[in-house]
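Novice: Quick paste from TrEMBL:
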- A:97-120: transmembrane segment (TRANSMEM)
- A:99-320: domain 'MacB-like periplasmic core' (DOMAIN)
- A:361-382: transmembrane segment (TRANSMEM)
- A:369-485: domain 'ABC3 transporter permease C-terminal' (DOMAIN)
- A:409-439: transmembrane segment (TRANSMEM)
- A:459-481: transmembrane segment (TRANSMEM)
- A:507-527: transmembrane segment (TRANSMEM)
- A:558-718: domain 'MacB-like periplasmic core' (DOMAIN)
- A:751-774: transmembrane segment (TRANSMEM)
- A:754-868: domain 'ABC3 transporter permease C-terminal' (DOMAIN)
- A:795-817: transmembrane segment (TRANSMEM)
- A:837-856: transmembrane segment (TRANSMEM)
């Protein structure tokens, strides 16, 4: 403790006294305490004196000393609000340009805010229609194989599901759900493809999907029961009274046992039809490969915990179960976890999701963008209000002379900014309706996830946001105005004081321009990178190749029909379409049987490699095999040779070597140049091509040369129709598929691009306002300079150099930041990307500078050209 | 309502204010009480009493001039009002009256 402090009473106790004590009593009370304190310092020493002082402050906390809430002041506020609204309205009308800048900026930025609020509200409302939502948990799986990265799955194994149900205590109910039932429903003559979800009879106990017909307790009990949604009923039967009617899938007869109300959009479980869980043979069987602890890829298990039970206790049960089962397997740990229902849609990253999900990170990203935009518009308000303050100081001065208190003046300006924010909200709402359409059409994923319909709760949040924005942007001006000294202002010496806040305003402008520059550069760099992904040399040819999903049809039949279409050239078969992100892997070994890796695979026919223009470094293509013949050949890439050191320098020597894929011996017959099996995010890894002419779930790769695509497509469609009348043709050009694979980036670039545009608009509006203001206030100075002989050019330089300096300052911060952001954070995720250039940085700086110069130039020119005699004669 | 009754300590404080004439402020009153009445008067108690007396209209207070002591805070000086005087006189009269009615024998040696 410092000695100086010892002879003074403790500060905080003094503050406390002033806080609770009535102002009229506080002074002499404090004086008395001080007097005693001084005596005590002498008599009892400083330390004790301080203690006594503190004790006394608390002792004086009595009924008669406590400050009473000032009801009169509160009442005054309400009376004065009318007056505040009136003066705000007048000031709005008087300064039309500033009002326009503020309202327009806030409206644009708030419409983005509304969009984000709508998105967040809707995402948070997911699954909240279930009556027992607080007690529903999903059992998810954490899978850790020895020496491999861990995997988190939304699904679990059937074994785990059954064990949880039968051997664990502490649950009220339990249901198993499995996605992926699909078949062609035959009703009389018509055939309609239907996809459905398997669910057991407890499904309706846990989830609140109301049944319009049928008994929820038994509807899904018997095998081959079918519960249809209203919509599906109408497609299948054209009617909803369908109880007991039968639907045939393949050869099996299903009976409709219930009709469920259409699933709302904010449900993570989405289905048009439910099939009883016991319908699938593998669900009923004991044993079998489906019924193992390690088959964790298909079943979604949901538990309903009893009221007031502790999920942690149940988790302990799950841990015990996992430990017991893991003891029976090697090199792998599978653990079960509980995931609350509310965390499913906005939760951690899980594979095998059953419904739509959104990563919280993406949401934070949107929230962050909206926040920055709103902040920028708020800065405009703050900036312009303080800059204009000279014109309002008189008004404030007179208010103060008439008896307005500090906080009353403050409130006046907060009310004013709130009014502006509410006006902006009205415009923002209209913009939002427009923006919503644009946003949802950005990506199919988004329109699938949410509809962003207005609800009353959303409107409440909107108004709340407007109030917060109004309060936030009005706060600084309010503090500034409430501090104004009435005497000084009315004497007319206000100018000096006003410009004290110049640095704050400059800082706000710099921040705005930083954001603008960062967004523009990000958009440009992102766009360039995205373009390069699309035109990336994958190592094979994708042009004019049409990939047709076979949908379980016979290749020969389709091929035969397609061959009749004149535009169709060669046709090949493949199991997957590579370079789009779909993968198929298998274990592979070479001579050393302990050295096993995952090799990426594709199963293709003999036409595939020539059709796609793969370059052979050695050897030849796979040989066509007759039906039923044993495969014995593989074509591999350079990486595979390198990995197992099978003469990587001279691929020709690798020919004839035997490799083991999935324990099958295959001879290397050809080596192709490395190509991109995955997306450009992944590096090229060992891969092999195996022969298969029959891939019912695979693709036909068709070389099409056409000048009239719609007509050709119609012909191909007709050919398809001859073979398959049920399923519509699913054909896409390879190049379009690649574009689709990178669609997420396109979406992001569009979002950031839009934000960049808005940020620049708002910042420019703000700058414009500032320039207009500066030019007006310096009109006389400029005129005098002109009279004394300054040239127009010099005047423009004089007026704009300050702003240009700010812009350069912003660039000095923003450009290196963006560069490093991409260099160190974003692009490290992409193994193959073109180098980062400086061109984008320069372009964004130049474009922002040009816009800013236009803003500054137009106004400064006006002032510089003004006739000095006109200006000066009015003095 | 306590009305215009004067409590024992209130009376003491009121009398002290009267004796101090123009220097009656809280700390001085405390000191005076300690010196003459011989009892330790806590500042908080005295303050509360002064506040009550003012409520009852027996004293009125004015703020003095600021001085360099007391951390620059002004003192609140109290003076006895006419109502205060009347209350004091009435209290004294009641006592005198009662004293007079006590037969001489009983308290003589006390």
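Just so it is clear, glycine is given a Cβ too, placed from its N, Cα and C backbone atoms.
Note that TrEMBL annotation is computational and uncurated.
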Novice: Any chance you could find the range in A:369-485, A:558-718, A:754-868 with the most Cβ pairs under 8 Å to the domain 'MacB-like periplasmic core' (A:99-320)?
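Specialist: Highest pair count goes to A:369-485.
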Novice: Of the residues in the domain 'ABC3 transporter permease C-terminal' (A:754-868), how many are helix, strand and coil by DSSP?
Specialist: 99 helix, 0 strand, 16 coil
Novice: Does the transmembrane segment (A:795-817) make contact with the transmembrane segment (A:361-382) through 3 or more Cβ pairs under 8 Å, each pair 6 or more apart in sequence?
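Specialist: With fewer than 3 qualifying Cβ pairs, these stretches do not touch.
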Novice: Hey, which of A:361-382, A:409-439, A:459-481, A:837-856 has the most Cβ-Cβ pairs under 8 Å against the transmembrane segment (A:507-527)?
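Specialist: The stretch I would name here is A:837-856.
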Novice: Report, as numbers and ranges, every residue of the chain located at least six residues beyond the transmembrane segment (A:751-774) whose Cβ falls under 8 Å of a Cβ in that stretch; write 'none' if there are none.
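Specialist: Residues packing against the transmembrane segment (A:751-774) from afar: 97-98, 101, 104-105, 108-109, 112, 366, 369, 372-373, 376-377, 379-380, 383-384, 387-388, 442, 505, 509, 512-513, 515-516, 519-520, 522-523, 526-527, 799-800, 802-803, 848, 851-852, 855-856, 859-860.
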